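The compositional bias 'Low complexity' annotation in Swiss-Prot covers 861-871. Sequence annotations record features per position, and here Swiss-Prot assigns domain 'RCK C-terminal 1' to 211-295. As annotated by Swiss-Prot, domain 'RCK C-terminal 2' applies to 317-401. The feature domain 'RCK C-terminal 3' is assigned by Swiss-Prot to 406-491. Sequence annotations record features per position, and here Swiss-Prot assigns domain 'RCK C-terminal 4' to 497-583 based on sequence analysis. Residues annotated as region 'Disordered' in Swiss-Prot: 857-883. Look at Swiss-Prot and you will find 3-23, 30-50, 60-80, 106-126, 139-159, 185-205, 600-620, 624-644, 657-677, 693-713, 774-794, 802-822 tagged as transmembrane segment.
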Amino acid sequence: MGFGWQGSVSIAFTALAFVVMAADWVGPDVTFTVLLAFLTAFDGQIVTVAKAAAGYGNTGLLTVIFLYWVAEGITQTGGLELIMNFVLGRSRSVHWALARSMFPVMCLSAFLNNTPCVTFMIPILISWGRRCGVPIKKLLIPLSYASVLGGTCTSIGTSTNLVIVGLQDARYTKAKQLDQAKFQIFDIAPYGVPYALWGFVFILLTQAFLLPGNSSRYAKDLLIAVRVLPSSSVAKKKLKDSGLLQQSGFSVSGIYRDGKYLSKPDPNWVLEPNDILYAAGEFDVVEFVGEEFGLGLVNADAETSAERPFTTGEESVFTPTGGAPYQKLVQATIAPTSDLIGRTVREVSWQGRFGLIPVAIQRGNGREDGRLNDVVLAAGDVLILDTTPFYDEEREDSKNNFAGKVRAVKDGAAKEFVVGVKVKKSSEVVNKTVSAAGLRGIPGLFVLSVDRADGSSVEASDYLYKIQPDDTIWIATDIGAVGFLAKFPGLELVQQEQVDKTGTSILYRHLVQAAVSHKGPIVGKTVRDVRFRTLYNAAVVAVHREGARVPLKVQDIVLQGGDVLLISCHTNWADEHRHDKSFVLLQPVPDSSPPKRSRMVIGVLLATGMVLTQIVGGLKSREYIHLWPAAVLTSALMLLTGCMNADQARKAIYWDVYLTIAAAFGVSAALEGTGVAASFANGIISIGKNLHSDGAALIAIYIATAMLSELLTNNAAGAIMYPIAAIAGDALKISPKETSVAIMLGASAGFINPFSYQCNLMVYAAGNYSVREFAIIGAPFQIWLMIVAGFILCYMKEWHQVWIVSWICTAGIVLLPALYFLLPTKVQLRIDAFFDRVAQTLNPKLIIERRNSIRRQASRTGSDGTGSSDSPRALGVPKVITA
């Protein structure tokens with residue numbers, strides 16, 4: 001290689017940095033910053049301080065930072081949520097749900113940074129998916145992919161594109177060749193649009209057997225015992241009137257009362273407190289229904305008390321009865337070498353050895369009759385277990401007896417607040433059921449009841465009631481769902497009048513959690529007696545009390561030590577009351593600022609105006625104003641008009657992204673200055689010359705960048721690859737724009753690893769995906785787009801034809817389901833059989849799960865239409881043993 005010790009040092013330590021980041025030992029921002037500092041420590045022989053620091057002032061990078069402000073300003077007004085809720089409409093199939101959700105996101109992310117797009121779209125899609133009956137896991141990975149694909153359509157669509165534009169401007173300004181290298185907003189569109197369309201097509205064609213969401217991540221088709229609590233909304237009701245039989249993915253297969261088990265419960269059976277229902281379904285579905293209807297989970301310890309009278313004391317909803325509320329539920333698999341094999345559940349000292357209590361067991365090939373305590377354990381059994389305070393996943397006993405990692409299924413320590421929201425007359429939820437309004441199925445949010453304007457009350461189990469103006473909906477919510485509820489259009493807090501009387505501007509209003517001190521002056525008094533608003537200039541919205549659900553009316557709650565108050569207040573309130581004796585802990589709630597809907601039109605118009613300056617400049621081939629100052633001025637106007645406040649603007653910037661990109665610029669300068677970039681570029685040049693094709697060289701650039709983006713962040717991959725690609729492109733006399741397009745497309749192609757792209761990471765957490773689920777869809781998607789990119793890069797001069805073919809094929813694929821229903825039934829069955837074979841080949845478990853789902857649905861809608869055929873055998877579930 002043609003470089004000296006400087007190049008060797010650069011390669012060695014850059015490679016070491018790649019290993020550190022790939023192993024996720026240290027974040028890329030810290031890794032690149034330290035690497036850059038090291039490379040400057042050789043008295044300028046590798047890279048000078050001036051060149052190393054140049055990246056921190058790069059115009060492309062500064063543009064990225066200030067576009068975060070613009071996106072935050074629009075998000076704070078709630079404008080994007082209103083637009084997207086209107087565009088999404090309703091859909092009952094996964095195909096149309098993906099078409100409706102992905103295409104608008106692709107269009108939006110072409111002009112807004114994709115990270116903010118994904119941030120505000122996650123709760124919208126979760127609510128919409130539940131409302132339409134579409135699995136959330138089917139929607140969130142495509143959301144991330146759509147935001148990335150849309151970003152490849154314009155030069156401002158992703159931060160990576162802006163970084164490459166900035167690097168290109170800097171490089172060719174010095175070479176006095178900026179005219180042929182300068183990027184306008186739509187210069188990437190001839191190549192990015194077909195790239196995005198074919199990615200969209202792939203998701204539509206493969207969603208049935210590559211996307212997760214056909215089943216829960218945790219144990220499937222469990223038969224779980226749940227107890228009707230005295231406070232349950234289904235107590236004293238007939239089974240058919242309880243609302244339980246209408247729950248999707250949930251069925252009642254049996255009822256246990258007074259020592260007798262009824263395997264085929266009559267729909268007219270009246271449910272009594274302490275009845276044990278055997279509920280078949282996935283755990284997360286059973287858990288959701290349990291929370292909604294007031295059902296307590298029965299574990300192995302509680303099973304032994306099933307023949308004795310139950311206590312009627314206060315019990316927490318859907319926590320294992322017979323003991324203290326659980327900390328969390330976990331899932332574990334019996335290892336082949338476990339000493340538990342051959343022993344019954346009763347014979348194992350679960351609490352003493354593991355700090356765990358069995359709740360349910362899954363075993364394949366049907367269900368074995370018998371009680372949980374009498375089941376003989378076998379290798380491969382999947383257990384759902386309740387944790388005790390003595391549980392420690394690092395115990396050697398756990399490692400020896402459970403295969404793989406013990407995974408959390410449910411965290412029971414989350415605080416629950418009861419929040420009342422009033423329905424506005426103009427609300428879109430009016431004349432809709434709670435489910436149709438999108439208020440059911442949201443993680444951490446459960447509707448308790450509805451108080452009508454005439455003073456009457458409607459229970460949550462009434463699934464036919466349609467919401468009316470001035471209704472008050474009482475909702476149990478954890479802190480994670482509070483932000484979603486605060487921004488739900490058409491609803492306002494019951495305490496809104498008290499909030500408004502504080503005089504705090506909506507621009508500076510947010511929520512704070514405040515834990516009441518046990519010796520504080522407000523203990524033993526009601527919120528009304530304390531005169532909380534007058535004394536603290538803040539309003540109590542809701543109260544959480546450990547182990548109990550407090551009364552609904554906040555003003556009448558007698559405060560106790562340890563209560564956690566949810567307070568609406570000024571953004572400075574927590575700092576001002578940090579040493580107040582009434583509270584022991586004050587913690588702001590993230591993303592809880594109410595939307596400034598009165599500024600919605602202003603925010604959208606300002607952002608549109610900014611984009612139009614770039615579009616007009618591109619059409620006129622003249623830059624009237626650079627995007628960086630345009631973004632700064634737009635943000636300033638948003639601040640002045642009250643779309644957001646200064647604190648929100650500061651917090652909107654992802655400083656780790658800034659540090660990563662800036663340091664990566666310096667590292668790329670070091671690789672170029674030491675000759676390392678030229679040496680790697682020679683390899684690409686050789687490919688192009690040997691194959692006599694510029695397209696081959698561009699494909700090599702794309703693949704190298706795409707692979708690098710799976711290991712690093714997309715921005716860092718683009719910055720590292722740019723000098724290598726630019727040198728190769730200049731040597732082969734390829735247009736600088738074409739070379740940069742290959743890098744832009746490749747750097748955005750981080751689809752396999754959820755940690756390679758910030759958008760992937762966000763949906764990974766929100767959708768509760770596994771790394772394997774990401775890889776199953778991401779790997780073939782990556783290969784598909786490599787093939788697509790290869791065609792696009794080889795036929796860049798004929799982009800018009802590529803466009804036409806891409807649009808025609810996309811339209812055909814989108815409309816394909818409509819054509820399917822026009823075919824004869826025999827042809828439809830043959831098509832179904834073909835895709836079943838394909839799905840079974842790619843994912844053998846999928847067919848079994850799908851058939852079981854069909855059987856469960858059929859059993860719920862038996863000959864009498866009431867679900868009377870529900871029984872463990874009729875469900876077609878795997879061998880599952882529970883209480």
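Each position is counted from 1, following the chain as shown.
Note: Cβ is positioned from N, Cα and C throughout, glycine not excepted.
Each of 139-159, 185-205, 600-620, 624-644 was scored by its Cβ pairs under 8 Å to the transmembrane segment (802-822), and the highest score goes to 185-205. Under the criterion of 3 or more C-beta pairs below 8 Å, with sequence separation of 6 or more, the transmembrane segment (657-677) and the transmembrane segment (600-620) do not qualify as touching, having fewer than 3 such pairs. Within its own chain, the transmembrane segment (600-620) is flanked in space by residues 70, 73-74, 76-79, 82-83, 111-112, 156, 184-187, 627, 630-631, 633-634, 637-638, 641, 643, which lie at least six positions past its ends and keep a Cβ under 8 Å from the stretch. Sorting each residue of the domain 'RCK C-terminal 4' (497-583) by its DSSP state yields 24 helix, 26 strand, 37 coil.
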